[in-house]
Amino acid sequence: MVSVTHCDSLWFGADIITMRGGNYQLIPQGAIAVTGDKIVWIGPHAELPPIHAARQVVYEGGLITPGLIDCHTHLVFGDDRSNEFEQRLNGVSYAEIAANGGGIISTVRATRQASEQQLLEQALFRLKPLLAEGVTTIEIKSGYGLNLESEIKMLRVARRLGELLPIDVKTTCLAAHALPPEFIGQPDDYIDVVCNSIIPQVAVENLADAVDAFCEHLAFSPAQVERVFLAAQKAGLPVKLHAEQLSALRGATLAAKFHAISADHLEYATESDVQAMANAGTVAVLLPGAYYLLRETQCPPIDLFRQYKVPMALASDANPGTSPVLSLRLMLNMACTLFRMTPEEALAGVTCHAAQALGVQQTQGTLETGKLANWVHWPLSHPAELAYWLGGQLPATVVFRGEVRP
């Protein structure tokens, strides 16, 4: 290890949960030395070598965790769908709402009509509660434009959010989210547009870090998704997939075939799907908010993910229809309560495994030397409290790239 004699800032006085290896890996009364935006030393304060720090910050107890990562959101969209919330409470299914012109398509209309500035202002409003909870990295998908102009518009807004606020934003092109109204009955023709026009242009403009698709009976078939993935490969972009949310189509196996960085939802994933994901290194992104709001009854196969050592990430799935959730902390509790995950698994799901689901595990997700100085200081005594408490207990301090975030 390189000897450290100087640093920009030294932080100590709290217990540190590093999440190395997906476990708490507690450092009692730890210390973190930072130079620039990187951690240059971390360990017990009692073992701190002689380091000259330009600035010292002393915490009075509490817990430090890695900055939270929300690895699956649809945060940029026009309007909301609160009327559909009422419909679902009256027994109308998600599929029925979509068949009657609601669902994703109603948001597509609103998103196409909105200006870039309007979308930006609405997204800023939605993003700020997540920042307040300690989210330091977020993924934002397109998928409500469904034509070249509007998909580009959404991705530009997502990139702009990362320029305006102290948060890392990863963007995903989800043009294969639903069939736009002008292509009803012509899904293959729309996939032509996605593959030959939208994905190449998004790649040219460097607006996306990955490509996603929705593999489901009410969206696109595995064969159509495979075409999207081939186009993404040609453009040099990694892939992700909404898979097995409402039915078993072996989408997760298809995702694994293309070494997708994640497959998401997965309520209907089979053992063979999970085996394929394990072999490919594909992360399972679980979305308890959508499960809860849709009042689903089939849980993702948590025991199979454990058995085959598939990393489990968690995310808000913030979107206007099926998961209008602006709290990643709430997802920790839901994952434990609804899916029977442990608090330790849940915290790994919004730190190290979420980083892996975005392909940023080399720089984020755990607290260790060489990684970004992103962390959250909580006024808590045990990490399980992050999943235990519903509401309240906002972070005392969020540090983003070595600086206290206002």
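Including glycine, each Cβ sits where the backbone N, Cα and C put it.
Annotation note: HIS72 (Fe(3+) binding site) sits in a coil segment as assigned by DSSP. Taken from Swiss-Prot, the feature Fe(3+) binding site covers HIS72, HIS74, HIS242, ASP317.
All protein chains shown were included, and the count of other CB atoms within 10 Å of the CB of HIS242 (Fe(3+) binding site) stands at 31. As annotated by Swiss-Prot, Zn(2+) binding site applies to HIS72, HIS74, HIS242, ASP317, with the evidence given as sequence analysis.
For ARG81, TYR144, HIS177, GLN245, THR322, the entry in Swiss-Prot reads 4-imidazolone-5-propanoate binding site. Less than 8 angstroms from the CB of ARG81 (4-imidazolone-5-propanoate binding site) sit GLY102, GLY103, SER106, THR107, PRO320, GLY321, PRO324, each of them six or more residues away in the same chain.
Within 10 Å of the Cβ of GLY321 (N-formimidoyl-L-glutamate binding site) there are 23 other Cβ atoms, across all protein chains. What Swiss-Prot records for TYR144, ASN319, GLY321 is N-formimidoyl-L-glutamate binding site, and it gives sequence analysis as the kind of evidence.
The most crowded of the binding-site residues listed here (HIS72, HIS74, HIS177) is HIS72, judged by how many other CB atoms sit within 10 Å of its own CB. In the three-state DSSP classification, HIS177 (4-imidazolone-5-propanoate binding site) falls within coil. Listed in sequence order, the residues THR73, LYS141, ASP264, HIS265, VAL285, LEU287, ALA290, ALA315, ALA318, ASN319, SER323 complete the 8 Å Cβ shell around the Zn(2+) site centroid, once HIS72, HIS74, HIS242, ASP317 themselves are left out. A C-beta separation below 8 Å, combined with a sequence spacing of at least six in one chain, links ASP317 (Fe(3+) binding site) to HIS72, THR73, HIS74, ASP264, LEU287, GLY289, ALA290, SER323, VAL325. Each residue contributes its Cα atom, and for HIS177 (4-imidazolone-5-propanoate binding site) and HIS242 (Fe(3+) binding site) those atoms are 9 Å apart. In this structure the alpha carbons, written CA, of GLN245 (4-imidazolone-5-propanoate binding site) and ASN319 (N-formimidoyl-L-glutamate binding site) are 15 Å apart. Within 10 Å of the C-beta of THR322 (4-imidazolone-5-propanoate binding site) we count 26 further C-beta atoms, all protein chains included.
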